[in-house]
Amino acid sequence: MTDHNDAAPAASGREFLVVAHTGRDNVHETMAVIAKRCAEANVGLRVIDHDTMPNHPGPQYLGTVYPLDPAELREIGADVAVTAGDEQSAAGCEVIIVLGGDGTFLRAAELAHPVGAPVLGINLGHIGFLAEAEANRVDEVIGKLIRRDYEIEERMTLDVCVHVDGEVIAKSWALNEASIQNLSRQGVLELITEVDGRPVSAFGADGILVSTPTGSTAYAFSAGGPVMWPDLEAILLVPSNAHALFARPMITSPQSRVAVEVLARGQDALLSCDGRRNIDVPAGGRIEVVRGERPVHWVRIDSDPFADRLVRKFQLPVTGWRGRQL
């Protein structure tokens, strides 16, 4: 276990928290650029002590791991503190820099959410839809952060509450989606959806997703849901492999109160928020979802339209388009 460095922040009073996927072979090269630029600008860095991170679901590292070494970063000249990865890890940080893919971004959002710290993703993964820039732009991106040459936008979240026998047994939140799936993976999950206190449809399915616009390009997209522009505020419901004639994706107002009941005669369910925070929901349980009280703050360094990002990330064919070039 790494010793925590409780040193004071850099003399400038500015600090960036770095959350990295240490299974990426270019993480050290990218981190060295960040450390050098921050050292030159007298901006402090915090890194996560992965040995003290709480266990969480999600993909495990395969192959070689390349952990960050604070001593090496200090040799570059960076002022580096190590934090345990708890809810206060990002408190007082100007920006959280994410090195990795979308899974790493969601882990960083978990740290950002309690304290309102803005998040910027640098993609070391594959598609990296949540990332703002690719790794080959790291020098430019860090320069903009240091100069405060960026904008911050708010992304809507979801607050999730689980009721069993009329009592609240758990609460959570999601940036992308709340996924309700069959816990046993056998048979179908019997569900009934409700919007603003009125029943909408009952059906058997593998599950159902309640998604934000940000999450519409993630799990909900794979389940057949529509792509929603991230500046739109709405709640999206996408059944997964439903056994019903009317079980289509639905988009509700952001002010709606959406509920999914797991019918008592059927299977137990698993609620997963962003694939990270899991809650068992017994048959007869009820999941209520509303617009989150706290958004996640997104750092934007580019002004490219969302449509351009969509085309680039998913490599969509646009050959033959004759519109105006920006």
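Any Cβ shown, glycine's included, is placed from N, Cα and C.
Per TrEMBL, the feature active site, proton acceptor maps to Asp102. For Asp102, Gly103, Arg107, Asn176, Glu177, Asp206, Thr217, Ala218, Tyr219, Ala220, Phe221, Ser222, the entry in TrEMBL reads NAD(+) binding site.
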How many Å lie between the Cα of Glu177 (NAD(+) binding site) and the Cα of the residue listed as 'active site, proton acceptor'?
13
Rounded to the nearest Å, what's the C-alpha distance separating the residue listed as 'active site, proton acceptor' and Phe221 (NAD(+) binding site)? Just drop the number here, would you?
14
Counting only residues 6+ apart in the same chain, whose Cβ is under 8 Å from the Cβ of Phe221 (NAD(+) binding site)?
Val227
Would you work out the biggest C-alpha to C-alpha distance among Asp102, Gly103, Arg107, Asn176, Glu177, Asp206, Thr217, Ala218, Tyr219, Ala220, Phe221, Ser222, the residues that bind NAD(+) according to the record, and give it in angstrom as a whole number?
26
Helix, strand or coil by DSSP: which one applies to Tyr219 (NAD(+) binding site)?
helix
List every residue in the same chain as Tyr219 (NAD(+) binding site), at least 6 positions away in sequence, whose Cβ is under 8 Å from its Cβ.
Asn176, Glu177, Ser179, Leu209, Ser211, Gly275
Listed recorded positions (Asp102, Glu177), ranked by Cβ neighbours within 10 Å, top entry:
Glu177
